[in-house]
């Protein structure tokens, strides 16, 4: 998984629009 440079501790990943998802409080792209 590649880190997307976004955390998802308090708010969801905005980067989900480019295929990222929340894992361990950080957004990753599979």
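Using the three backbone atoms N, Cα and C, a Cβ is placed for every residue, glycine included.
Swiss-Prot has this to say about the protein:
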DISULFID  4-20  disulfide bond
DISULFID  8-22  disulfide bond
DISULFID  13-27  disulfide bond
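In this structure, the CA atom of residue 27 (disulfide bond) is 6 Å away from the CA atom of residue 20 (disulfide bond). The Cβ neighbour count for residue 8 (disulfide bond), using a 10 Å radius and every protein chain shown, is 20. Here the disulfide-bonded residues are 20, 22; the one with the fewest Cβ atoms within 10 Å of its Cβ is 22. Between the C-alpha atoms of residue 8 (disulfide bond) and residue 20 (disulfide bond), the distance comes to 11 Å. The Cβ of residue 4 (disulfide bond) has 13, 15, 18, 20, 26, 27, 28, 29 as same-chain neighbours under 8 Å, each 6 or more residues away in sequence. It is 13, among the disulfide-bonded residues 13, 27, whose Cβ has the fewest other Cβ atoms within 10 Å in the structure shown.
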